[in-house]
Each structure stands twice: as structure tokens, then as C-alpha cells.
Amino acid sequence: MQPTTNSFPARLSAALLRARPWIVLAMLLALHAGLLAPVGSAFQRVWLMVHFGLFLLWQPFFATERELKVFTIVMLMTLTAAILWFLSGWMIVSWMVLMLGVLGGRVFTAKRAGASRLYFLVAFSYLLAMLLLWAVPTLLLPQHPIPGPVSLLARAILPLLLLLLALLPGDSEDEPVQVFDFFYAVFVFQLVVVLVLGSLALMRFTDDRYFPSVALTMFSFGVALFVLAVLWSPRSGFGGLRTYFSRYLLSVGMPFELWMRRVAELAEAETQAGRFLEEALKEIATFPWMRGGLWKSEDGEGKFGETEGHAATFTEHGLELTFYTNVPLSPALFLHVRLLAQVVGEFYEGKRRETTLKRNAYLEAVHETGARLTHDIKNLLQSLYALTSAAPSGSDNADEYNSLLQRQLPQLTHRLHATLEQLRAPDVATHDPEVDAAEWWEDVRRRFAGGDITFEGPGGGGVLLPPALFDSVLDNCIDNARAKVAREPGTRITIVLSVGKGGAVLDVRDTGSAIPDAVATKLMREPLARPRGEGLSIGLYQAARQAVALGYRIDLASNSDGAVCFRLRASR
């Protein structure tokens with residue numbers, strides 16, 4: 001089975017898309033032949049039927065690939081047969097006026113403003129000239145003879161104008177549906193109707209002569225359109241009729257700006273979405289044409305005013321609004337009411353999202369506080385485990401171990417107290433008394449002595465450091481490094497403490513694989529969603545925040561296979 005794009009209807013639709021300019025040319029030539037044929041003759045009916053068929057192939061209302069129903073085809077053929085059977089002059093003139101309206105709707109919507117628009121202007125000019133110079137006098141005024149020069153112009157010279165259509169590019173776009181402006185089409189249709197009827201009416205003042213009345217009507221139209229153009233958009237002075245027309249479309253005689261200002265004030269004052277919606281709908285209920293309405297959303301439903309009259313329903317972001325008015329909504333008023341519904345819906349959705357964000361922020365704060373306390377407790381337990389592991393088996397090093405306990409237990413007590421204070425008041429920063437770097441370094445070496453960790457650096461004295469911060473960073477880095485050792489046997493862990501003018505610098509290194517770039521870019525900047533037990537997530541993030549609060553920073557100083565290094569140093 002062949003694909004749909006290769007089917008006969010698809011190929012025919014594509015061919016019609018490419019042949020649109022030639023269809024317009026053939027359509028106008030067929031109309032020209034029908035107009036020159038004797039009125040009511042079979043020859044005229046045949047050419048008009050050909051013209052109408054070509055119009056159906058070109059018409060801009062429906063896509064060429066659309067399949068017509070059998071009922072539609074039967075009705076179309078029946079209507080065409082009835083018109084051709086009862087064909088009269090006023091029918092042909094009315095059809096030409098409709099054609100001018102359709103072409104006018106295409107002139108102002110041509111995608112290419114150059115040759116494509118000129119193409120439709122040529123077709124429009126030809127059809128308007130044939131209407132005024134030939135169709136109206138021959139079909140509506142058969143008792144008035146047409147002057148010879150005018151007849152020659154209509155019969156032989158105007159068709160030559162159509163030759164320009166063969167030289168100009170038409171509307172052969174790839175889109176199956178042509179762009180059509182209904183407003184311009186109706187406007188042009190009304191102008192042509194007034195032009196034809198005005199020409200016939202002015203014959204009373206031109207001694208029943210048609211062509212002088214046409215010239216007078218065209219001149220009057222030109223003057224009127226010139227004055228209207230000047231008033232519509234003047235060069236200087238007041239804004240012109242365009243400004244008042246736009247203001248009418250936006251306000252429709254209602255205090256729209258005042259309502260918008262009131263809604264903006266409500267949006268700033270009201271924090272609850274439901275309360276804001278009720279107040280905004282109360283403001284809408286003050287309009288003289290509004291009787292009441294209903295609203296329904298995920299948060300509930302309600303009503304305001306009276307629920308009687310002409311209903312109009314709008315849905316914006318899950319908010320369904322039904323307004324009841326005293327009169328049916330005109331097109332302009334319908335657009336205005338829809339704009340009101342959109343404004344209320346956008347503000348209401350914004351309030352709901354604001355509430356959701358506040359709730360999520362609260363839950364995130366609770367989760368973050370719990371995660372921070374969990375890691376602090378885990379670090380304390382790790383420190384206690386390291387102390388108990390360093391306990392001597394005999395009495396030879398008992399005095400040294402007791403000295404270590406006397407130094408470490410107060411620090412552990414202080415860290416536990418700080419953790420409890422964080423649980424009571426998370427936003428209050430706790431004080432971390434500084435100790436000598438050499439003393440802290442010696443305690444660390446004793447705590448992790450006999451393990452799988454290598455210590456480098458003299459440590460040095462005379463430099464103070466916050467022990468709780470350094471212990472927290474060290475415990476987190478060692479915990480992550482040991483997890484890597486479990487995954488990658490043979491990985492070595494090294495701790496280096498160096499001191500200088502900038503203060504103490506702590507390096508935790510390992511010889512394992514590098515941290516992935518996707519993780520490294522977010523590390524210590526935000527909590528990471530990592531598989532359970534792999535670390536490199538909330539612990540380092542909380543340690544980094546603690547370091548910033550104390551004037552330090554944690555960096556990933558090196559990140560390559562065999563050389564991964566975390567560094568804690570003063571940020572100043």
C-alpha cells in the first residue's frame with residue numbers, strides 16, 4: 001500500500017497549490033468570456049459554470065486537501081444548477097461584488113508585500129473596471145448604450161491587463177489554507193456596493209447618464225477616503241480617529257483601566273487565591289451589563305450576583321468562569337469579556353503557584369534542617385567511633401589516651417550542643433571557638449591512627465582554626481572517600497594540613513576515579529539526588545554552607561583519575 005503522501009488526492013492537492021496563480025488567471029478569463037456573451041444565452045451559462053468551477057479550485061476558505069461530504073457536493077451542484085437556470089443580470093453583478101470582496105481580503109494579507117500583493121491588485125483592478133464599465137450598464141441598464149471607446153476598452157484592452165498576471169508571482173505558497181482577512185473583505189464589499197448603488201443613484205443628477213455618474217461617484221469616494229485617511233492618522237496634532245477607535249475596542253465604554261488598577265491592587269494585598277478571586281469577581285459584578293456568574297476550580301466553586309441571563313463560559317488555567325449578562329455579547333464585547341477572564345485567570349493561577357511555592361519552600365526547609373542535623377549526628381558518631389577505636393588495649397598508652405579524651409570530649413560536647421541549638425533555632429548561627437592548628441592536627445592523627453589514612457604535612461602552630469568546621473568537613477570527605485574505596489579497592493586516602501599567612505588549609509585527597517562533570521558542577525552548590533549510600537550530596541552541601549558562614553570555602557581543587565582533592569581554606 002502506498003503512503004498517503006503519494007495518493008491521488010495528495011498529488012492533486014499539491015498540483016492545485018502550485019497552480020493557484022494560473023487558476024486565478026483562467027477564472028477571470030472565463031468570467032470575461034461569460035460577460036461578453038449574450039445575456040441569458042447557453043454560451044454565457046457555460047462560461048460562468050467554468051468560472052465558478054475554477055473559483056472553487058482557488059477559493060481561500062477551505063483547504064484543497066479537505067474531503068467534501070456527499071451531501072455538500074449535492075447541495076453545491078443543486079445550487080449552481082438553480083442559479084445558472086434562473087440566471088439574471090443582478091445575480092452576475094452581485095457575484096462580481098462578492099468576488100471583489102474576496103480579492104480585497106487577499107490583497108491585504110499577501111505574505112510577500114511586493115509582487116504577490118501587486119498580483120492581487122491587478123486582478124482586483126480588472127474586476128472592478130469590468131464591473132463598472134461593462135457589467136452594470138449591460139446587465140442592469142440595458143436601455144443605456146455603451147459608448148464605443150468604453151466598449152472597446154472593456155472588450156479588448158482590459159483583458160490585456162490580465163497578461164500581467166502571467167508575469168507576476170501569485171499566491172503559490174505551500175500552505176493548503178490561504179490567509180484571508182474577513183474584516184477587509186467585508187469592508188471592500190461594502191465599499192463596492194456603495195459605489196455601484198451611488199453611481200445608479202447619481203444618475204438622477206446627471207440627466208440619466210451612467211458614466212458621468214460613475215465618474216462623479218469615484219471622485220466623491222476619492223475625496224471622502226482622503227479626508228478619512230487624514231483624520232485616521234494625522235501627521236501632527238491629536239491622535240486621530242485610529243486612537244479613538246482603538247480605545248473603543250479596548251474599553252467598550254467601560255472603566256477597564258480602573259478595573260485593571262483595582263485588580264493589581266488586590267493582587268498585591270491578597271495572599272490567598274480564593275480571597276483574591278472573590279474580590280476580583282465582585283469588581284466585575286459592578287459593570288452595568290453584568291448580572292452575575294459562576295466559578296469552578298480545583299480549590300472549589302462559588303458564584304456572585306444573579307445566575308440568570310445570557311451565559312458565556314471561559315476557561316483559563318483550570319479556572320472555569322461563567323458570566324451572565326443582560327444582553328447577548330457582541331463580538332467586541334465578547335473579546336472584552338474574554339480579556340477580563342484571562343486577566344483574572346492569570347492572577348488566580350499566579351496566586352495558586354505562589355501558595356504552592358511557599359508550601360514547597362517550607363517543606364524544603366524542614367527537609368534541609370533534618371538532613372543537616374542527621375549529618376551532624378552522623379559526624380559526631382563517627383568521631384566517637386574513632387575515639388573508641390583509638391583506645392589502647394593495655395595500660396602503656398592510657399595516659400596519652402586520657403589526654404586525648406580530655407581534649408576531644410569537650411569539643412564533641414560543644415558540637416552536640418550546637419546541633420541541638422540548630423534544631424531549636426535553625427536560623428541562629430552558633431559560635432565555634434577556635435583552637436590551635438597544631439593541637440587539632442595532633443588530635444586528628446591520633447583519632448585516625450592505625451587506619452587506612454595517610455597524614456602529610458607538619459601541621460604547624462600559631463594559627464587558629466574552627467575545630468567544628470574542620471571536623472565536619474574532614475568527616476564528610478573521609479566518609480565519601482571510604483565509600484569510594486569500597487567501590488574501587490586499592491584507592492589511597494591522604495590528609496594534608498598546611499598553614500601559612502592565609503590561615504590553615506586542609507586537603508583531603510584520594511587516588512580513585514574522577515567525579516563526573518555533571519556532579520562536580522553542582523557539588524557543594526545544591527543537594528544532589530544520588531543513589532543511597534554514595535554520598536557527595538547533602539553532607540558536603542551543608543559543610544560548604546557552614547564554611548561560608550565562618551569565612552571559609554570548600555573547593556574541588558583537583559578532579560582527575562588518580563588525583564581527586566577537596567580543599568578547605570579561608571575565603572579572605
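Any Cβ shown, glycine's included, is placed from N, Cα and C.
Predicted, not measured: the structure shown is a model, and the values here were computed from it.
Here is what TrEMBL says about this protein:
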TRANSMEM  21-40  transmembrane segment
TRANSMEM  70-98  transmembrane segment
TRANSMEM  118-140  transmembrane segment
TRANSMEM  182-203  transmembrane segment
TRANSMEM  210-232  transmembrane segment
DOMAIN    471-569  domain 'Histidine kinase/HSP90-like ATPase'
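Sorting the domain 'Histidine kinase/HSP90-like ATPase' (471-569) by DSSP state (H, G, I as helix; E, B as strand; all else coil) yields 33 helix, 32 strand, 34 coil. Packing against the transmembrane segment (21-40) from elsewhere in the chain are residues 47-48, 50-51, 54-55, 57-58, 87-89, 92, 96, 99, 119, 123, 126-127, 130, 134-135, 138-139, 142, 155, 158-159, 162, 165-166, 168-172: each is 6 or more residues past its ends and has a CB under 8 Å from a CB in it. When pLDDT is averaged over the domain 'Histidine kinase/HSP90-like ATPase' (471-569), the result is 83.
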